[in-house]
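Copied over from TrEMBL:
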DOMAIN    5-274  domain 'Plant heme peroxidase family profile'
SITE      42  site 'Transition state stabilizer'
ACT_SITE  46  active site, proton acceptor
BINDING   47, 50, 52, 54, 56, 68  Ca(2+) 1 binding site
BINDING   181  heme b binding site
């Protein structure tokens, strides 16, 4: 039996305060730790890219069945599940058995994007958009499916294009969603090869700006969501291989340039993807 279509305002009758409660929970959490905004956006992406947006990334492993959350791509780097739990607890007290965890994850990503973009000179009040709801929580979570579906940071442009195409996403949509990398942190294991062991000829990736490479050897955290990610790509300051390839590949470089020139258009496209 097919699931009913998602719609904006899904909980207006059954739990009218749901979205406000989730936003309040998210804003309280990211006010204390701004880096959690990136964590919640990433949590939503990692959830959706494996089995669809069904909150399966939140399920715990059981004997004989390791779950998505314990895959190296998620553990220990994936953050924000405790904020989802807090929002769920508040909603259960008010509207028991009504709001799915999958919808909470989607709303939390939206609210995180708004919070993280509020300080950008490009936007007034941050990136704001409606999220259709009505998702059902999944009951299956399998660790191997993360490897099969989630693009690793070592992917080049053609691999990324093929990976996103399998999810029904275009090249433009892939480049647009990559802009979420303007916030948050990346663990050293995701990019250390570009700094210390690139290939037999170069210890450091020659396409990486030298000043930026030196900077990467310190701890950095970016907390403002806007189109500066693309500006940094033009400056040869893509952190991951999967970032840098977007500008060095002819298939995607034009899209990167367009996003540097018009942050408003990028923000509109970014909001539309969720």
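The backbone N, Cα and C atoms fix where each Cβ goes, and this holds for glycine too.
Cα-Cα distances to residue 181 (heme b binding site) place 42 within 10 Å, out of the recorded positions 42, 50, 56. Taking the Cβ of residue 181 (heme b binding site) as centre and 10 Å as the limit, one finds 24 other Cβ atoms among all the protein chains shown.
Here residue 56 (Ca(2+) 1 binding site) is positioned 10 angstrom away from residue 46 (active site, proton acceptor), judged by their C-alpha atoms. Long-range C-beta contacts of residue 47 (Ca(2+) 1 binding site), restricted to its own chain and to partners at least six residues apart, with a cutoff below 8 Å, comprise 53, 54, 55, 56, 57, 58, 102, 105. Taking a C-beta cut-off of under 8 Å and a sequence gap of six or more, residue 50 (Ca(2+) 1 binding site) has these contacts in its own chain: 56, 57, 68, 145, 146, 149, 150. Here residue 42 (site 'Transition state stabilizer') is positioned 14 angstrom away from residue 52 (Ca(2+) 1 binding site), judged by their C-alpha atoms. The record gives 47, 50, 52, 54, 56, 68 for Ca(2+) 1. Within 8 Å of the mean position of their Cβ atoms, the other Cβ atoms in that chain belong to 46, 48, 49, 51, 53, 55, 57, 138, 141. Between the candidate recorded positions, 42, 68, the densest Cβ environment within 10 Å is the one around 68. Under DSSP, residue 52 (Ca(2+) 1 binding site) is assigned to coil, being neither helix nor strand in the three-state scheme.
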